[in-house]
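Quick look at what Swiss-Prot lists:
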BINDING   183-190, 265-269, 323-326  GTP binding site
COMPBIAS  460-483  compositional bias 'Basic and acidic residues'
REGION    371-564  region 'M-domain'
REGION    460-484  region 'Disordered'
REGION    525-564  region 'Disordered'
TRANSIT   1-75  transit peptide
Amino acid sequence: MEALQFSSVNRVPCTLSCTGNRRIKAAFSSAFTGGTINSASLSSSRNLSTREIWSWVKSKTVVGHGRYRRSQVRAEMFGQLTGGLEAAWSKLKGEEVLTKDNIAEPMRDIRRALLEADVSLPVVRRFVQSVSDQAVGMGVIRGVKPDQQLVKIVHDELVKLMGGEVSELQFAKSGPTVILLAGLQGVGKTTVCAKLACYLKKQGKSCMLIAGDVYRPAAIDQLVILGEQVGVPVYTAGTDVKPADIAKQGLKEAKKNNVDVVIMDTAGRLQIDKGMMDELKDVKKFLNPTEVLLVVDAMTGQEAAALVTTFNVEIGITGAILTKLDGDSRGGAALSVKEVSGKPIKLVGRGERMEDLEPFYPDRMAGRILGMGDVLSFVEKATEVMRQEDAEDLQKKIMSAKFDFNDFLKQTRAVAKMGSMTRVLGMIPGMGKVSPAQIREAEKNLLVMEAMIEVMTPEERERPELLAESPERRKRIAKDSGKTEQQVSALVAQIFQMRVKMKNLMGVMEGGSIPALSGLEDALKAEQKAPPGTARRKRKADSRKKFVESASSKPGPRGFGSGN
């Protein structure tokens, strides 16, 4: 039975529970790492446990006609670069020390991977030279293999290349903070205005938007609609007013209303021209902005770095916002902007939702490029979608084996709020190699399960035992949801398996230890014990156990958590 496809190791349920400060403690995360995830213990995700578990998962997962899939299709930004870098240090397997000779071929692979990612050629040359010099001069470190040494060097250089430290937005000490957005046409400036306001509202700041794009049809209407969507007022003055005058009037209105942050949208062009720059200079003169941010499309590659340089020379900018980082392009812009222009990337857009704008963390980005995941971002996203009280209640239900369909539905919807499944898995160490086909299948099966749960009565959701004991109830749910009785039986059986698996994993994490792989596999195969009580209760428990075992033996659809 493979009913629950949104799962990890051997169909471990993806259940989310946040406890403590910036901490995830749940079966969802432990299934991938073998223990509790927190910001300190998993700052480095290429640990032995993760690699062992991922190797085991790959050995269990069959894709296609009985064949093991050798390569994965990477659809996210940097996917091509990640694959190229992994190929580079795989050639150091078996080496005992890094030498000029044995790193020559890996360095060629790194150079090729960076160029194919559309990183600027001068940047690639400096990067490769720096990595080579450090690798050859590094002595043998006890317990660390040469390929791991190279990974560490490349990681540190990537962090340095992208700016090193996080560059945060600056705020005015008195009066409203003014942020001026600029950029070429079609990069998403108007949308970024609303996303930035949404981002700042979460920090407790009041915002106002100024519609300064008087050339593009419906640009003002678009900003007004987006402003209503995020709950932020928009100042408009029509299309017959000069942008500089709009800026002056809008700023006056913001001061009158004691607004904390003013964000102004400006017109874009298909190319950089003198008229555009002069107009921006006038707007900047009237606004005297705290931040001048250039909005750059991540898909423009190394041209993005040249664009940032040009705007900085002409009008003077304080940083860049990189949009469409969730696309499938090569992503060289993120690696080139800081090095070429000297200006940092301050924020990045990762999706179409208003919440999909976040700070740019060079160290986290380097980790994702190298396939290490991004545990800290995972923790932050999880804490955003789940309250502390809900997490504690869920943990109690898991430990008492009372996890029900209501909890399952709540958890899957909470995970959905964190973003696409591809994005969530990309944050988890070792899970970046799950293929898009497997993810699509998992998402499809989640919808199937949700449809079946939706037609259950409140009592059936709270007491899965009723469905396990009543074929008539299962038949009714199958009919009402448009699914088969086999699918309903598989889902009901899965909830009992989930109770045992999550309780075992939570118990392991409470003990603070990471079990050996064999121990983890044993925990996943644990059977539910019949509850003590009267003979009648024991017979019902035995009946449910037989139902679970019989349903589990039936084949179901494959997903990335399939053990078939």
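Placed from the backbone N, Cα and C atoms, the Cβ positions cover glycine too.
Around K189 (GTP binding site), the C-beta neighbours below 8 angstroms that are at least 6 residues distant in the chain are L181, A182, G183, D213, D265, T266, G268, V295. If you draw a 10 Å sphere around the CB of R269 (GTP binding site), it holds 14 other CB atoms from the protein chains shown. Neighbour density for T266 (GTP binding site): within 10 A of its CB lie 27 other CB atoms from the protein chains shown. The highest number of surrounding Cβ atoms within 10 Å, among the binding-site residues G183, G186, is found at G183. Averaged across the region 'M-domain' (371-564), pLDDT in this predicted model comes to 66. In three-state terms derived from DSSP, G183 (GTP binding site) belongs to neither a helical nor a strand segment and is classed as coil.
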